[in-house]
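Visitor: Here it is, the structure, as structure tokens.
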Amino acid sequence: MWRKTMKEKLKAIMDAALKQIEEAADSETLNDARVSFLGKKGELTQVLKSLKDVAPEDRPKVGQLVNEAREILEKKLEERKREFEKKMLDLKLATETIDVTLPAKKPMIGHRHPNTIALDEVKKIFIGMGYQVVDGPEIEYDYYNFEALNIPANHPAKDEQDTFYINDKLLLRTQTSSVQVHVMEKQKPPIRIIAPGRVFRSDEVDATHSPSFHQVEGLVIDKNVTFADLKGTLAEFARRIFGEDTKVKFRPHHFPFTEPSAEMDVSCFKCGGKGCRFCKNEGWIEILGCGMVHPHVLEMRGIDPKEYQGFAFGMGLERIALLKYEVDDMRLLYENDVRFLRQF
Ligand SMILES: [Zn+2]
């Protein structure tokens, strides 16, 4: 008798539960149905709790019935839950369509500074001619920056490039020529190097001056090196960096550490030498200083000038970059304005 009542009671609960699950319109009402039948105080849970009042011999059978009922409800709840999830996903896919024709968001990628581009090109040319690229200290002894380069304490050349002194003996180097001395100290000829790097002068900032800029120094020491080697090397460099038709011209000049010394001009690559605004109607543009290494500079390093000769050259890297990219204000290279830098 009891069993029958229990069965009927269970059936009534199941009918109501299945109806409510079936009619649930969304996951929220579905959850309400779950709570009201399977929750802590749910109807089916209550039945399970009342098992203690059932006669011991009937308990297993009733327990089994209740568990079967719970399994059916759980399965049905899961089915409907999946149904709602699929509906949500379909809706999401329908509303969040992707327009594949829209341009993608490109990540911002930086690139080399025009100075670096110019330097890489200079390096490439000289490495191709068998030169080594060497580095030297930016904080330098007065000795390496001046004296060892044939510029004694009272030499007028020292005034021209008065620099930032750290103390009586240390300064920020005014020229990469100091690297020549370090190389000659460490290395026996043959020597064939370029030394790019930052140099400092106590100059005011304007369109062509800066207290900090870059030079590329070159040094060759070997047997039977003549001024013809210097000319050939630098003419080839000029052609590679400014174009095949570039001509070069050497004007006598004075540098304390070379003898004879010269300044090298290249034919204006804008007008081909006819004269234009770019070359200030000269047809020529000054590029670098050069000369045969002064015998005294070699002697100071213990190199016999009768056995070995050499040539050296030095150029301003910014000047090369400005000319190459036809920029007329050096300050643009340092201001780091991305609108300017993006153009390279
Ligand atoms: Zn010109």
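Heads up, residue numbers simply count up from 1 along the chain you see.
Even glycines carry a Cβ here, placed using N, Cα and C.
For reference, TrEMBL lists these features for the protein:
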type    : residues : note
COILED  : 66-94    : coiled coil
DOMAIN  : 122-343  : domain 'Aminoacyl-transfer RNA synthetases class-II family profile'
BINDING : Glu259   : Mg(2+) binding site
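What does the local environment look like for each feature on the list?
Guide: Taking the coiled coil (66-94) as a whole, pLDDT averages 90 in the prediction.
Other C-beta atoms found within 10 angstroms of the C-beta of Glu259 (Mg(2+) binding site) number 15, with every protein chain shown included.
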